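Below you'll find the structure I mean.
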Amino acid sequence: MASDTPESLMALCTDFCLRNLDGTLGYLLDKETLRLHPDIFLPSEICDQLVNEYVELVSAACTFEPHETFFSLFSDPRSTRLTRIHLREDLVQDQDLEAIRKQDLVELYLTNCEKLSAKSLQTLRSFRHSLVSLSLSGCANIFYEEDNPGGCEDECLVNPTCQVLVKDFTFEGFSRLRFLNLGRMIDGIPVESLLRPLNSLAALDLSGIQTSDATFLTQWKDSLMSLVLYNMDLSDDHIRVIVQLHKLRSKILTCGPHLISSHLDISRDRLSSYYKFKLTRKVLSLLVQKLGNLMSLDISGHMILENCSISKTDEEAGQTSTEPSKSSIMPFRALKRPLQFLGLFETSLCRLTHIPAYKVSGDKNEEQVLNAIEAYTEHRPEITSRAINLLFDIARIERCNQLLRALKLVITALKCHKYDKNIQVTGSAALFYLTNSEYRSEQSVKLRRQVIQVVLNGMESYQEVTVQRNCCLTLCNFSIPEELEFQYRRVNELLLGILSPTRQDESIQRIAVHLCNALVCQVDNDHKEAVGKMGFVVTMLKLIQKKLLDKTCDQVMEFSWSALWNITDETPDNCEMFLNFNGMKLFLDCLKEFPEKQELHRNMLGLLGNVAEVKELRPQLMTSQFISVFSNLLESKADGIEVSYNACGVLSHIMFDGPEAWGVCEPQRAEVEDRMWAAIQSWDINSRRNINYRSFEPILRLLPQGISPVSQHWATWALYNLVSVYPDKYCPLLIKEGGMPLLRDLIKMATARQETKEMARKVIEHCSNFREENMDTSR
């Protein structure tokens with residue numbers, strides 16, 4: 001099982017400071033700009049964590065509000081020291097890098113920061129003397145600058161910002177730079193001249209960059225240990241250059257905090273475009289022969305000719321082996337030792353028996369699929385989404401044997417690619433199967449909370465129907481409301497947002513209403529009142545109104561009334577909202593339109609029982625039409641006794657206000673009383689109930705009074721039924737809430753009916769016997 005170890009003190013303090021910046025580390029200058037308090041000095045370990053955690057909070061926690069001038073806290077290296085920071089996506093703009101230009105950064109990772117322009121290229125020069133590692137992966141606009149040359153007024157009126165490619169920037173002066181990632185950049189960047197000043201590159205990533213002549217790579221043949229050419233359109237000329245990079249044969253190099261293993265990645269996305277180049281037996285043999293000490297190789301996505309593999313009949317028998325001499329891939333038999341990693345995703349080779357590598361990415365089994373998700377998540381969402389889709393099939397059809405690893409990898413992918421439709425669809429679908437009851441015992445509270453967070457992030461960031469449906473279904477795998485309480489307000493807001501469009505997808509509507517109903521069941525009144533103010537009552541009434549117009553009584557209709565029943569329980573404000581927004585008209589219309597829908601009737605009457613418990617609202621129920629409807633429902637046999645019981649409960653509270661409050665001529669009060677007595681006497685005292693009382697307070701207030709004996713009798717019958725049928729639940733509740741002395745007083749009352757007193761004695765007897773049977777007599 002996953003560990004439920006608490007967060008470190010460092011993590012807790014970092015989180016608190018970031019959520020309370022102007023109350024902890026800084027203050028607001030001119031009510032806008034953050035400034036560090038003058039008496040604070042923060043070392044690099046703390047500064048790096050603050051920045052990196054800030055990025056994580058902004059990208060992963062939608063409830064966290066970013067601060068426009070956050071990076072200004074780190075503008076002065078005399079009080080703050082930054083060394084290694086990882087920034088991503090639209091969070092970072094030119095002015096943010098400009099704010100920290102005086103820092104001696106050693107490591108700067110900028111991933112998919114599309115708001116960065118050529119202004120940031122100039123800022124990068126500020127770090128040239130200290131930078132060892134730089135990633136500009138996916139920063140597609142950083143080599144563009146605005147240009148409004150004279151004589152193009154007409155063009156600039158249409159497009160005031162004319163963008164031109166920067167061609168004169170180079171890495172001149174970046175003398176310490178060893179690691180560089182320029183992957184996923186736009187076409188046209190003059191890579192050769194850009195990189196020429198770098199003398200000692202150890203790792204280079206040119207993913208997606210097309211260059212017909214790769215000869216310039218040989219300038220680092222004595223230093224380059226890791227080369228990534230993912231999605232580069234290769235040719236035999238490229239291969240001839242690659243095999244000259246003899247340092248790719250080297251073993252692990254230590255450079256500062258980094259360990260670089262010799263790695264070659266010539267993989268591709270097989271769906272992105274047509275590639276003429278095919279990996280032949282000759283090419284693979286050449287790579288192994290010339291780069292025999294490679295520790296890691298990725299050839300995923302390539303069309304590989306069949307003569308590369310050993311035939312099934314010639315394969316070594318016995319257990320799968322990583323020994324090169326037994327390799328099912330013929331050219332790899334020349335390896336001196338097994339590879340640490342071999343990327344074979346979406347190639348035929350991954351399905352072979354003997355693969356000379358300790359870790360393989362592929363699509364053959366769960367292990368290979370998880371390795372693929374792990375290897376490609378950060379920079380290759382197109383591959384990651386397909387790998388997660390394979391994991392989805394494994395979790396759905398078979399059994400996931402590495403559950404915790406799978407969950408963590410999917411969570412990471414969803415956080416990393418919050419706005420990628422394919423990953424959000426496949427990831428949310430995989431989470432549904434990975435969190436179901438079969439796997440529940442293996443998951444810690446912390447891990448399940450991480451799942452909830454990432455699901456809510458998906459719902460918040462992506463309005464696509466499939467994502468919304470998958471996320472709602474995944475939430476159904478959790479104990480509601482208990483496991484969602486730490487995000488209670490947020491999840492309700494999201495669900496109500498889903499339900500607001502009345503033409504919403506039917507399946508999502510049904511799931512969302514079910515979740516809303518579960519969320520307001522068994523929670524305290526403060527929660528219910530807060531959700532009511534968020535528009536819960538109004539949203540449910542609109543759904544009901546829409547179903548009425550369609551003349552449809554389905555699960556959405558029934559769940560909506562059930563949700564209203566739950567949210568109005570002991571919450572007068574929500575009851576009043578129900579009345580104010582035409583709830584009684586909808587009740588009458590539903591009753592008329594769907595006379596045979598028993599569960600619907602029960603839910604509606606349960607809700608009206610809650611309304612009737614509020615003294616200030618009861619006058620609104622005192623109309624001839626409403627009283628007649630309630631009286632007629634006393635004789636209903638729908639859903640056992642439930643509809644009749646709830647109708648009698650509504651009338652009992654109305655009767656409790658006395659004859660002077662009876663403001664209608666028809667039906668007469670005495671007539672209704674007689675019908676109530678008859679209904680109560682017709683009920684089976686041993687009836688099993690479809691009801692759940694959290695408190696007896698509304699019932700108990702009907703006991704110590706003589707103004708309405710029938711109300712008193714209904715309350716006593718309710719208690720007798722519940723303590724008889726469900727003694728373990730309701731005897732302790734009645735004793736706890738002081739019901740016993742009230743029942744004893746009732747027995748002494750002259751106005752109480754004899755049958756009511758007799759029933760009260762039986763309730764007292766049941767509870768007394770229960771207390772004696774459950775008394776702890778151990779010593």
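Glycine is no exception: its Cβ is also placed from the backbone N, Cα and C atoms.
So Swiss-Prot has the following annotated:
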- A2: N-acetylalanine (MOD_RES)
- 226-245: repeat 'LRR 1' (REPEAT)
- 440-480: repeat 'ARM 1' (REPEAT)
- 571-613: repeat 'ARM 3' (REPEAT)
- 615-656: repeat 'ARM 4' (REPEAT)
Looking only at residues six or more beyond either end of the repeat 'LRR 1' (226-245), which have a C-beta under 8 A from one in the stretch?
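For the repeat 'LRR 1' (226-245), the nonlocal Cβ contacts are 181, 183, 202-215, 217-218, 220, 260-269, 272-273, 275-277, 283, 286-287, 290-291, 298, 379-380.
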Give me the DSSP three-state residue breakdown of the repeat 'ARM 3' (571-613), ordered helix, strand, coil.
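Its residues divide into 35 helix, 0 strand, 8 coil.
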For the repeat 'LRR 1' (226-245), how many residues does DSSP put in helix, in strand and in coil?
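Helix (H, G, I), strand (E, B), coil: 7 helix, 3 strand, 10 coil.
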By DSSP assignment, list the helix, strand and coil residue numbers for the repeat 'ARM 4' (615-656), in that order.
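For the repeat 'ARM 4' (615-656), the helix, strand and coil counts are 31 helix, 0 strand, 11 coil.
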Taking DSSP states H, G and I as helix and E and B as strand, how many residues of the repeat 'ARM 1' (440-480) are helix, strand and coil?
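Summed by class, the stretch gives 31 helix, 0 strand, 10 coil.
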